[in-house]
Amino acid sequence: MLILLADDHELVRAGIRPFLHELAPVVELIEAESYQQAFSVLEKDRKPDLAVIDLRMPGYEDGALQRFCSTLKDVPVVILSGSTSHGDILNAYALGAAGYIPKTYSGPTMVHALRFIISGERFFPAIALDAFLEPVQPVAAATPPAMIRTAQQEPLLSKLSQRETEILGLMIAGGTNKEIARQLEVQEITVKVHLRNIYRKLGAANRAQAVRIALEDGWRAPVPVS
């Protein structure tokens, strides 16, 4: 695995290196101390499998993060930063970063997050969860799901993505967020994000109402959580 590690502090890079070597049997590191140097490295070397970069290293002011994420659009770009502000995290999310890891995390936690990202998921701190989620609009008690379906002219369940459908099935089977996360091998925060999207798409105010609407919309017999 080829990993680009970019941070303007040698001490930080030295502390991170041993943990990056835990990500694969063979890990090759290429390093940079600024955005400009990182771009130079990318021009000279082959494309990395993973990029771990500091947010506010030299060159940040020139909009380099957006350019960096665009250049490596097929490569997971992970921001490693001392900042935990919602603005920085949401900006990284919006620009397409695969993850955002605060420098306050322990080494093992960082490794866990990076493995999660390498598996194809996105990782962002729980502190920013509320900022990611759209407010849920509850359905009025007097409006039955059948009336909603008639107005929309399509089954509510057809609006769900494949992963949302999987999570809904496990939820109907009685699985807790933690059990669902374990079975799907994702982070619990990811399950919570999907649940909020499910509630919004079904027009449900909470877990119980989502289950009721799904059953009335034709859902049947999901596999129980083991």
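Yeah, the Cβs are placed from backbone N, Cα and C, and that goes for glycine too.
Listed in TrEMBL for this protein:
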- 2-118: domain 'Response regulatory' (DOMAIN)
- 153-218: domain 'HTH luxR-type' (DOMAIN)
- ASP54: 4-aspartylphosphate (MOD_RES)
Mapped DSSP class for the residue listed as '4-aspartylphosphate', helix or strand or coil: strand
For ASP54 (4-aspartylphosphate), the number of other Cβ atoms found within 10 Å of its own Cβ: 24
